[in-house]
Amino acid sequence: MIFSHHHARARRDVDMTQGSITRHLIQFALPLLAGNVFQQLYNMVDTWVVGNFVSNEAFSAVGTVGPIINMLIGFFMGLSSGAGVVISQYYGAHRPEKVRDTVHTAMVLTLVLCAVFTALGLALIPAMLDLMNTPAEVLPESTAYLSIYFSGITGLLIYNMGSGILRAVGDSRRPFYFLVVSAVLNTGLDLLFVIRFHMGVAGVAWATIIAQAVSAVLVLAVLMRTVLMRTDSCVRVELRRLRVHWDMLKKIVRVGIPAALQMAVTAFSNVFVQSYINHFGADCMSGWTAYTKIDQLMFLPMQSLALSATTFVGQNLGAGDTPRAQQGVRRALGISLAVTAVLMVPVLVLAPQLTAFFNRKAEVVAYGTLLLRYISPFYLLCCINQIYSGALRGAGNSQVPMVIMLGSFVVFRQIYLYIVSHFITNTLLPLAMGYPAGWLVCSAATLLYYRRAALGRQRLVEDN
């Protein structure tokens, strides 16, 4: 058998079917968390550079294209999680030849999608910006940014799939290192292109594309060569093996497409909430923007632990150890509730200072503080839906979490916002409560379903 355990420590991949559950979950989640925090930070740098060194139109343009880009990234992360779940289950079941087939199928799928997304993206830019009611003065800048972004989207797709493959075998560390390199490079190029060469929005877009291309090259270097890899690593990519194994493709798509749709639509549904907030004017919009920045950071620990739970459940179900998989889910939920509760305290106490960091105007600070203090206690609810849907996805069931999340975050939330704004009151707080209301519905439904669904019956790996 290629998986010899006495070598396991010398390698970067981690077998989660043995050893301390808590240690595995935390060790896997930490690089993910650090990577996500890093990504948020360099997004903030992007915004800061444009806001301070280009123009107000440019600042709005980058803000306008944000949801489109988040939607794409969400879609692709969902799809690569599909490949990751299939790989982690076969890895846990010690079936290296199946892992190899899945890896090569996933890479072919990625290359095909690179071509499709580039062509479709470039063709649909005017339609997308029109759909989002982009103001005329921002159109040229937004169009320029998206044109460059779509031309270089290949790097983003390859990095996402490659790091998904590495994470499936328990290596969350190297994707993190590559992300750091990419973020530092992005920041440096931002400053160079915008401040030194006065390239404006185009400079920011080029900086992003080049940095993503570098992270893709790094991931490929690890997957294709034996750099930092043993020759017998089952996730090694070899050009001569690149072909589609249809049985694997079916499994990747079965888990990946629902997860991809869920992430993409959830990212986009926030645009609708934004349109309700815009009614309250510029100060409220700025307060909401500050709130969403802190909101994104609050979500990171539970999202990282949910990804941990996905890989953990995948590997353990693959190995046929359902009780250990369930124990891992309980442990992940406990850790994420504890971490989120600890983080909530400074957010509640320091809400005015946190808002002022983004914008010092008194009215903006008042709006931001109000939102943070009313919404943040509800983050504990999110831990439930994040961890349980992560666990179900690890079992290969991403259809039900998708239906539940879209039902609560998109359908229920839109109905709630419509009814509240049209028939009850047009004040900010009841509208902003659309977020926690959606979380409540989602967590209750996910919890009920998880209790009834037997994890062990859902594995994708067929017995030998």
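Heads up, the Cβ atoms here are built off N, Cα and C, so glycines get one too.
Listed features, source TrEMBL:
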type: TRANSMEM; residues: 21-38; note: transmembrane segment
type: TRANSMEM; residues: 58-87; note: transmembrane segment
type: TRANSMEM; residues: 108-128; note: transmembrane segment
type: TRANSMEM; residues: 148-169; note: transmembrane segment
type: TRANSMEM; residues: 176-197; note: transmembrane segment
type: TRANSMEM; residues: 203-223; note: transmembrane segment
type: TRANSMEM; residues: 252-277; note: transmembrane segment
type: TRANSMEM; residues: 297-320; note: transmembrane segment
type: TRANSMEM; residues: 332-351; note: transmembrane segment
type: TRANSMEM; residues: 371-388; note: transmembrane segment
type: TRANSMEM; residues: 400-419; note: transmembrane segment
type: TRANSMEM; residues: 431-450; note: transmembrane segment
Feature contact check the transmembrane segment (176-197) with the transmembrane segment (203-223), CB under 8 Å, 3 or more pairs: yes
Tertiary contacts of the transmembrane segment (431-450) (same chain, 6+ residues out, Cβ under 8 Å): 273, 276-277, 371, 374-375, 378, 381-382, 384-385, 388-389, 391-392, 400-401, 404-405, 407-409, 412-413, 416-417, 420-421
Whether the transmembrane segment (400-419) meets the transmembrane segment (332-351): three or more C-beta pairs under 8 angstroms: no
Tertiary contacts of the transmembrane segment (371-388), as residues 6+ beyond its ends and Cβ separation under 8 Å: 287-288, 291, 294-295, 298-299, 302-303, 305-306, 309, 329, 332-333, 336-337, 340-341, 343-344, 347-348, 351, 354-355, 401, 404-405, 428-429, 432-433, 435-436, 439-440, 442-443, 446-447, 449-450
Segment proximity, the transmembrane segment (176-197) to the transmembrane segment (21-38), 3 or more C-beta pairs under 8 Å: yes
For the transmembrane segment (176-197), distant same-chain residues with Cβ under 8 A (at least six beyond the ends): 31-32, 34-35, 38-39, 41-42, 45-46, 49-50, 53-54, 159, 163, 203-204, 206-208, 210-212, 214-215, 218-219
